[in-house]
Amino acid sequence: MRPLVATVDLTALRHNYLLAKQCAPQRKAFAVVKANAYGHGAPEAVTALREIADGFAVACLEEAEVIRGCAPEARILLLEGCFEPSEYLRAAELGLDIAVQDARQADWLLAADLARPLNVWLKLDSGMHRLGFSVDGLRECHARLKGAAQVGELNLISHFACADERGHALTETQLERYAELLELPFEHCSLANSAAVLTLPQAHMAWIRPGIMLYGATPFAELSARELGLKPVMTLTGALIAVRDVPVGESVGYGASWVAQRPSRIGTVSCGYADGYPRTAPSGTSVVIHGQRVPLAGRVSMDMLAVDLTDLPQAQLGDAVELWGAQMPIDELAQACGTIGYELLTKVTGRVPRRYIG
């Protein structure tokens, strides 16, 4: 079997969820498990959390069906609502909470003959300009849906654009726009994503929505996961499958972009961009062998990457290589590649086996 595995620590996942709850005492928390729990495996993540989680949030009906199979009694929120009229019938059968973000979705809901009322979360476009009603539009929709037979709870939800940039002016603007609607009779309100859970207590409302923090990555550029008390959930581990000596002046990898400046010892690692390791990782990016960092040498290939072992003479064939995890934070790798931890986690491909511990 190819020596590459993503080890998922479910104890760390539970720790991070409980940390989110500690940040917002007396609030409830939707664990955001969309995109296959950010690449970690939604069924396994939900099973690990279902005894402590107040609810789960996903992007679409197909994801909700998976979650319902793992957590028959859990509250499950469709963050983007339904994409066609027939989905409302299935949402009612599954007992979902749904976002309603425009007049078309409201029309579909009011026209539906449902087995049971749906808990509705009216989505405010408070400044991100992606989904949601304007302040006035939401007031109008609230009036339309209040008391409708298809509606159980009527709740309020919005999403921050810049909460991960502390002190950004737009965050205060979004809070103010959200506050304009709190005079309306809502059962529950939700606003805080991971960044706001960690640093904006005024945004916590009745329900928080921790996402990336559940998986042990930071939403901030300037605050590490360790500083925030988060534990990494996924460790991506390959192995040295070849070791060779490369003389001065010889190159390594596609494009001959890395050239040996000294007699070098080069290791080949069983991981590449087809596994989800970023091709954009530059030479010098660290991996960890025997607890010591060694740098990438040359371009990442589809199935392999090369590392410079010259300063780690004890490294040998078969040694484990941590691509990211507790010793090599995923956020550090993401920053080196000009991206974010979210993207790397969700891009770990299906050919990488997941191993669950805890």
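Cβ coordinates come from backbone N, Cα and C, glycine included.
Annotation source Swiss-Prot lists active site, proton acceptor at K34 (among others), citing sequence analysis. Long-range C-beta contacts of K34 (active site, proton acceptor), restricted to its own chain and to partners at least six residues apart, with a cutoff below 8 Å, comprise A57, V58, A59, C60, E63, L79, G211.
Per Swiss-Prot, the feature active site, proton acceptor maps to Y254 (among others); the stated evidence is sequence analysis. DSSP gives Y254 (active site, proton acceptor) a helix state.
For R130 (substrate binding site), other Cβ atoms within 10 Å of its Cβ number 11. If you look up Swiss-Prot, you'll see R130, M302 marked as substrate binding site.
The annotation N6-(pyridoxal phosphate)lysine is assigned in Swiss-Prot to K34 on the grounds of sequence analysis. DSSP assigns K34 (active site, proton acceptor) to a helical segment in the three-state reduction.
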* Using a Cβ-Cβ cut-off under 8 angstroms and a sequence gap of six or more, which residues of the chain neighbour M302 (substrate binding site)? -> G272, Y273, A274
* Structure fact -> Counting across all protein chains, other CB atoms within 10 angstroms of the CB of Y254 (active site, proton acceptor) number 13
